Amino acid sequence: MERTFIMIKPDGVQRQLIGEIVGRFEKKGFKLVAMKVMTVSQELAEKHYEALNDKPFFSGLVNFICSSPVVAMVWEGNSIVSTSRQMIGATDPHAAAPGTIRGDYGVSVGRNIIHGSDAIETAKREISLWFKDEEVNEWDATLNPWLYE
């Protein structure tokens, strides 16, 4: 079963959208296997966004992610990386389709509510960066037979 890393950013936490976002993933039939509310250290933020460290917005992004708690999560399900990206919507909320998380709640590129891994390999890297192995739970959801053939 595929896994992905999802983070509700400080703006999503401050706007009290945690339940709404978690609910969307649950209603889609995905399984939450790890979750924690945390204030991100600068070191972790820089590691997480290291692919963007040459961009002019890098320091502002790191400062923003460290400014208030985030909700870090690991979700599991068939094709979850690609499906969750569709659920999240375009990076720029103004370009995100209505019905997506960013389309419904995002305000600007810098305040776009949520992060989701963009590829399976990225998800593996991000999960290992944010969670210890023992923090990710293995459990059988009783609804699996109703979702998967």
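A Cβ is built for glycine as well, from the same backbone N, Cα and C atoms used for every other residue.
Taken from Swiss-Prot, the feature ATP binding site applies to K9, F57, R85, T91, R102, N112, supported by sequence analysis. The active site, pros-phosphohistidine intermediate feature in Swiss-Prot is assigned to H115; the stated evidence is sequence analysis.
Feature map: Swiss-Prot annotations on the structure.
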| residue | record | DSSP class |
| --- | --- | --- |
| K9 | ATP binding site | coil |
| F57 | ATP binding site | coil |
| R85 | ATP binding site | helix |
| T91 | ATP binding site | coil |
| R102 | ATP binding site | helix |
| N112 | ATP binding site | coil |
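Cα of the residue listed as 'active site, pros-phosphohistidine intermediate' to Cα of R85 (ATP binding site): a distance of 9 Å. Pairwise Cα distances among K9, F57, R85, T91, R102, N112, which the record gives as the binders of ATP, peak at 22 Å. In this structure, the recorded positions K9, R85, R102, H115 were compared by how many other Cβ atoms lie within 10 Å of their Cβ, and the smallest count belongs to R85. Over all protein chains present, the Cβ of N112 (ATP binding site) has 23 other Cβ atoms lying within 10 Å. Note on T91 (ATP binding site): other Cβ atoms within 10 Å of its Cβ, all shown chains, come to 12.
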